[in-house]
Amino acid sequence: MSDYDFDVIVIGAGPGGYVAAIRAAQLGLKTACVESRATLGGTCLNVGCIPSKAMLHASELYDEAASGKLAKLGIKAQVELDLDTMHGQRRDAVKGLTGGIEFLFKKNKVEWLKGHAAFIGKDTIDVAGKSYRARNIVVATGSNVTPLPGVEIDEKVVVSSTGALELAKVPGHLVVIGGGVIGLELGSVWKRLGAKVTVVEFLDQLLPGMDGEVRKEAAKIFKKQGIELKLSTKVTGVTVKGDKASVTVEPAAGGAAETLEADAVLVSIGRRPNTDGLALERAGLTVNKRGQIEVDHDLATAVPGIWAIGDVVPGPMLAHKAEDEGIAVAENIAGLTGIVNHDVIPGVVYTMPEIAGVGLTEEEAKERGEVKVGKFPMLANSRAKTNHEPDGFVKVIADAKTDRVLGVHIIASVAGTMIAQAAQAMEFGATSEDIAYTCHAHPTHSEAIKEAAMAVTGKPIHI
Ligand code: FAD
Ligand code: NAI
């Protein structure tokens, strides 16, 4: 009889870990998943993707009614914000989905080991005072908020994304530190619900890592929406008095300081990997300078039998990247060939309009060689125009010699949905011509991708 308790133990039940555990069980491996949270689903389902999208969706509908956008369509409504109910539907969404993972664990016979896991040795962990031995251990412990030195997060006045999802009333003035994905999504929620929102960003543009033209256009759109942007600005201190905060800022390059009075302050300057309390050293594992566990192409760590996936390893901190790595790691453990194409991972910012990209930015593509770029404005797309969604554009970047698509970047109301076809095209090695000659249904926002692809080597029809 085997002296292993399990073939696979996964540590962490976020989108990386729970997917890895289910796939491993589906492949016939005896599998357990350790989770210290009271519910499964990790950051994404509990305090990330899902609750933020619940608030983004509800606040968008409120804004459409309250700002008079619906009235312009001939829909007159008396609008009143019931924030408690809005929070209630957010909690319901989280409860339904986290409960769904518990159901899937039972269905697939994945055992949930409740508690915090720490390594005892390279194939043994401790959970709540009991030790478990496994042939394979997958570290999928995710990430948490990066603190800002000298600024204490109390989750009441100075909040992380978790507190910002749950504010009991609309703040008069919300100061957001960090103009990245979280700052813009949650800043948008509270702006729509009536807050004044100021985003303080250290760099000279929002959304680092995204295509340069997209970043500039996004800044214009957010300003037009009334979000105040303080770019190239650093926060030098936050003082809390009662239920108010004073945020002192100054130009990043140095200069006169300014104080912003705020009812809430959101700290969203990035996330860092979770490895505290894991006792990695007992397994012979180390972390890199950024606190991440390094893995090879197969998601194997330097220690045989230990694997790592998701936010705790290098790469974009995204749920779908973690999920795909979860499937791949389980397949590799089972002796199959699990692959994640890290060159084709879409990223979406779920503001209105949405901002999405896949592959290389124009700047990155130009560094590697000659490129051709095709662009098409959403203003000239019949569906976007009919829906009164004129902002944004589609940009297709292709290799000048081979015409192979290297990157696609979109600002559009449904950019997050549109980007899927670009990712699929790139996964299949498509050229811009392949996209241009693919029949797209009319009238859809996706036709803008076809027209941007037509613009790479020739001319679009509608502009
Ligand atoms: P996590 O989801 O962080 O899960 C790790 C789990 O491991 C946690 O539940 C933790 O409790 C548990 N754990 C950690 N250490 C231990 C231990 N020692 N023992 C036991 N359990 C442990 N991504 C998107 O793609 N789309 C989005 O729209 C999106 N929105 C987001 C919104 C917000 C506000 C935030 C904060 C993040 C968002 N993300 C989004 C990012 C996404 O949530 C993460 O990329 C994703 O959750 C990473 O998955 P993971 O499995 O690696 O880790
Ligand atoms: P981020 O990395 O997206 O943005 C952080 C921003 O803060 C950057 O613009 C950075 O320049 C700025 N910054 C850093 N230090 C600063 C300082 N001292 N003062 C002012 N600005 C400063 O990180 P964010 O928004 O916290 O999100 C964390 C992660 O969560 C992201 O990596 C993202 O992948 C994931 N996420 C994904 C979402 C999605 O896919 N829609 C939604 C929310 C989060």
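Easy rule for this one: first residue shown is 1, then count along the chain.
Placed from the backbone N, Cα and C atoms, the Cβ positions cover glycine too.
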For the NAD(+) site that TrEMBL gives as GLY178, GLY179, GLY180, VAL181, ILE182, GLY183, LEU184, GLU185, GLY270, the extra residue out of GLU155, GLU166, GLU201, GLU250 is GLU201
Among the candidates CYS33, CYS49, the one bonded to CYS44 through a disulphide according to TrEMBL is CYS49
Listed in sequence order, the recorded positions from CYS44, GLY142, GLY180, LEU318 whose CB sits under 6 Å from ligand 1 are CYS44, GLY142, LEU318
Candidates CYS49, LYS53, GLY178, LEU184, ASP311, HIS320 (recorded positions) with CB under 6 Å from ligand 2, in sequence order, are GLY178
CYS49 (disulfide bond) has its Cβ surrounded, within 10 angstroms, by a count of other Cβ atoms equal to 20
Reduced to three DSSP states, the domain 'Pyridine nucleotide-disulphide oxidoreductase dimerisation' (345-453) has 40 helix, 33 strand, 36 coil
Looking only at the domain 'Pyridine nucleotide-disulphide oxidoreductase dimerisation' (345-453), mean pLDDT returns 98
In chain order, residues whose C-beta lies under 8 angstroms from the C-beta of GLU201 (NAD(+) binding site), counting only those at least six residues away in the same chain, are GLY178, GLY179, GLY183, LEU229, LYS230, LEU231, SER232, THR233
In this structure, the one of the recorded positions LYS53, HIS320, HIS442 whose CB has the fewest other CB atoms within 10 Å is HIS442
Here the Cα-Cα span from CYS49 (disulfide bond) to GLY180 (NAD(+) binding site), rounded to a whole number of angstrom, reaches 15
